[in-house]
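Student: Got a structure for you, written out below as structure tokens; questions coming shortly.
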Amino acid sequence: WAYAYTNPPSNPTQGLKRPRNETGNKVTVVLGAQWGDEGKGKVVDLLATESDLVCRCQGGNNAGHTVVVEGKEYDFHLLPSGIINPKSICNGVVIHLPGLFEEAENNEKKGLKGWEKRLIVSDRAHLVFDFHQVVDGIQETQRQATEGKIIGTTKKGIGPTYASKASRTGLRVCDLLGDFKEFSTKFKNLVKQYQSMYSSLTVDTESQLKKLKEYGERLRPMVRDGVYYMYEALHGPPKKILVEGANAALLDIDFGTYPFVTSSNCTVGGACTGLGIPPLNIGEVYGVSKAYTTRVGIGAFPTEQLNVTGELLQTRGHEVGVTTGRKRRCGWLDLVILRYAHMINGFTAIALTKLDILDVLDEIKVGVAYKINGKRIPHFPADMELLHKVEVEYETFPGWKSDTSAARKWNNLPQKAQNYIRFVENHIGVPIKWVGVGKSRECMIQMF
């Protein structure tokens with residue numbers, strides 16, 4: 001820092017405020033370490049029982065998290081997984097308002113109570129409109145017609161919304177709750193902008209505006225200035241703050257398998273840019289990985305098993321997308337992508353989920369390196385054409401051939417399962433803190 005004085009005081013530090021020595025409360029971040037669907041919701045739900053504040057920092061209702069508590073199965077897309085915990089307050093993301101209220105009502109029928117008193121939505125959150133979702137579908141159709149392939153989006157309007165945000169024509173919660181006449185003008189201009197690009201797009205603007213005004217009034221009691229709210233949480237009394245990342249490292253807009261990615265940063269940097277918190281406040285960073293690998297949609301998948309093994313993993317793991325209903329592609333655990341995710345996120349520990357799905361296998365393989373023309377490559381390729389061509393080098397382990405679903409302690413696991421876990425841990429250089437052997441909160445073995 002440099003200071004300039006016209007009349008310097010005799011004491012150079014006189015009148016200057018000293019910066020705080022303390023950085024405030026630390027934030028724990030939970031992130032997907034593969035292509036999503038790793039079980040982040042279950043890990044967040046587990047940690048939320050010990051947290052005072054649970055935050056979502058990016059994405060929208062393209063994410064899907066299943067949480068099982070006391071035999072009840074909840075599906076979350078916009079609502080943070082920690083919303084079940086009555087102590088937690090949650091911060092919003094890019095929001096499709098009809099989807100938010102529909103999701104809340106569906107989970108209310110399953111027993112979720114008082115969510116509207118615990119949900120806090122940032123006034124800076126961008127709005128996903130119905131026409132964004134229509135455009136998402138039109139774009140996929142156009143890609144198929146012109147390129148012969150699609151990206152495989154969820155068609156929830158997330159990409160077009162982030163495009164509006166980046167082009168500085170997007171509308172935010174604060175716009176909706178401000179001067180509605182001004183909001184209406186901006187909304188109509190945004191519709192015209194998209195209609196000029198997509199001639200087939202039809203929007204009943206007056207009907208949409210009427211609904212948006214109603215949704216806005218329902219939302220109003222939940223809205224806060226997100227930056228100020230987070231600052232107060234960080235610098236107030238001691239508080240355990242948990243940040244839930246939607247999507248996963250390999251779907252990150254910058255570091256994922258582009259273009260088959262989402263439209264936001266779902267790596268650790270997204271916690272800072274999404275919530276407006278300083279990097280100094282980031283504490284533990286937990287990565288979540290399945291004991292094998294899955295992916296929804298298209299794009300390169302080096303360890304995919306298009307055989308009976310892949311079918312078995314899909315069937316035993318009930319691998320169907322929570323948001324899309326599509327079957328997930330399945331393959332062996334890929335440690336190349338886990339190491340890559342660790343490079344970007346700096347995981348302090350890993351949660352390894354769905355170990356029990358491997359219980360019936362005679363042998364289990366783990367991808368440890370990629371080769372091009374017979375030679376190992378030290379990095380994860382950015383070029384998707386190159387990624388399609390890599391040869392995977394595997395390590396093979398004997399299966400443990402016994403049921404692990406009742407295990408609740410490390411010592412309850414078969415020795416061969418323990419060996420598999422320790423190999424994964426040592427290879428990526430990150431300790432495994434939890435091992436998941438079932439759907440519910442109780443099925444997470446805590447190692448330390």
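Cβ atoms here come from the backbone N, Cα and C positions, even for glycine.
Model, not experiment: these values are computed from the prediction.
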Student: Between 1-22, 199-220, 397-418, which stretch does TrEMBL give the note region 'Disordered'?
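Tutor: It is 1-22 that TrEMBL annotates as region 'Disordered'.
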Student: Given L355 (GTP binding site) and D37 (IMP binding site), what distance in Å do their CA atoms have, once rounded to a whole number?
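Tutor: That comes out at 14 Å between the alpha carbons.
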Student: Of all the recorded positions given, K165, K327, R328, which residue's CB has the most CB neighbours within 10 A?
Tutor: R328
Student: Work through the binding-site residues one by one (T66, T154, N247) and point out the residue whose CB has the fewest other CB atoms within 10 angstroms.
Tutor: T66
